[in-house]
Amino acid sequence: MSTKRIVVLISGSGSNLQAIINAIDAGHINGRIEHVISNKADAYGLVRAEQAGISYSVIDHKAFDSRESFDAHTRQVIDKYAPDLVVLAGFMRILSAAFVQHYRGKMLNIHPSLLPKYKGLHTHKRALEAGDNEHGCTVHFVTEELDGGPLLVQACVPVSSDDTEASLQAKVHQREHVAYPLAVELICADRIRFDEAGIFLDDELLPPSGFRLAYDA
Ligand code: GRF
């Protein structure tokens, strides 16, 4: 099986990027990060890329006069690396339909909630306000619907009565660093396929919530 080519898009700290770099270094992922793109020049994730010896580009969305022109340029840069997988890791831009369609079936995102709950922002606050006793994160394929594509991996955390938005966010973030490398690992090992029926792992149909990681995994 050929080593999969991965391009990662970030906007910030890049701790999920780091988790994927670490999993590759540990030999868990049959893939290589060919390039990292950030829309922010000061994203700490770029330091992580540099330290790992990964090439990167900054594409400042503010330098473009429309979402479509930013997306078209970003797409050109991504496609130079002929990726098998495009990983959105804290990339804080809404993508145009043409961009999403171009990478259909090979672009992943991570969202800090147990989707389909709490699409959009302030997920931790909303989970607390709803009195949920469980919260978490979801890795999903990207479709035109914001935070709406087929769900691949979910990891949960228990919500305790003394949790604050910050403590819950920290707990979920830790689980992201397990869930995202696992999702990338499964795809790079050719263990995932999807069609109209849903997502299959090793030819078994996953539930609509995706593969669910145990609390202690
Ligand atoms: C994560 O919380 C992720 O769920 C959200 O953006 C954040 C990125 O964090 N989409 P990092 O940049 O990977 O540290």
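A Cβ is built for glycine as well, from the same backbone N, Cα and C atoms used for every other residue.
Automatic, uncurated: that is what TrEMBL annotation is.
Summarising the annotation, TrEMBL assigns domain 'Formyl transferase N-terminal' to 4-184.
DSSP assigns Asn16 (N(1)-(5-phospho-beta-D-ribosyl)glycinamide binding site) to a helix. Over all protein chains present, the Cβ of Asn16 (N(1)-(5-phospho-beta-D-ribosyl)glycinamide binding site) has 26 other Cβ atoms lying within 10 Å. Look at TrEMBL and you will find Gly14, Ser15, Asn16 tagged as N(1)-(5-phospho-beta-D-ribosyl)glycinamide binding site.
Ile94 ((6R)-10-formyltetrahydrofolate binding site) falls within neither a helix nor a strand when secondary structure is assigned with DSSP, and so counts as coil. Annotation source TrEMBL lists (6R)-10-formyltetrahydrofolate binding site at Arg67, Met92, Arg93, Ile94, Leu95, Asn109.
Counting every protein chain shown, the number of other Cβ atoms lying within 10 Å of the Cβ of His111 (active site, proton donor) is 23. The active site, proton donor annotation in TrEMBL covers His111.
If you look up TrEMBL, you'll see Asp147 marked as site 'Raises pKa of active site His'. In the structure as shown, the Cβ atom of Asp147 (site 'Raises pKa of active site His') sits within 10 Å of 19 other Cβ atoms.
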Counting other C-beta atoms within 10 angstroms, the emptiest spot among the binding-site residues Ser15, Asn109 is Ser15
How many Å separate the Cα atoms of Gly14 (N(1)-(5-phospho-beta-D-ribosyl)glycinamide binding site) and Met92 ((6R)-10-formyltetrahydrofolate binding site)?
12
Taking 8 Å from the centroid of the Cβ atoms of Gly14, Ser15, Asn16 as the cut-off, which other residues in that chain fall inside it around the N(1)-(5-phospho-beta-D-ribosyl)glycinamide site?
Ile10, Gly12, Ser13, Leu17, Gln18, Ala19, Gly45, Arg48, Ala89, Gly90, His177
When the Cα-Cα distance from Leu95 ((6R)-10-formyltetrahydrofolate binding site) is computed for each of the recorded positions Ser15, Asn16, His111, Asp147, which gives the smallest value?
Asp147
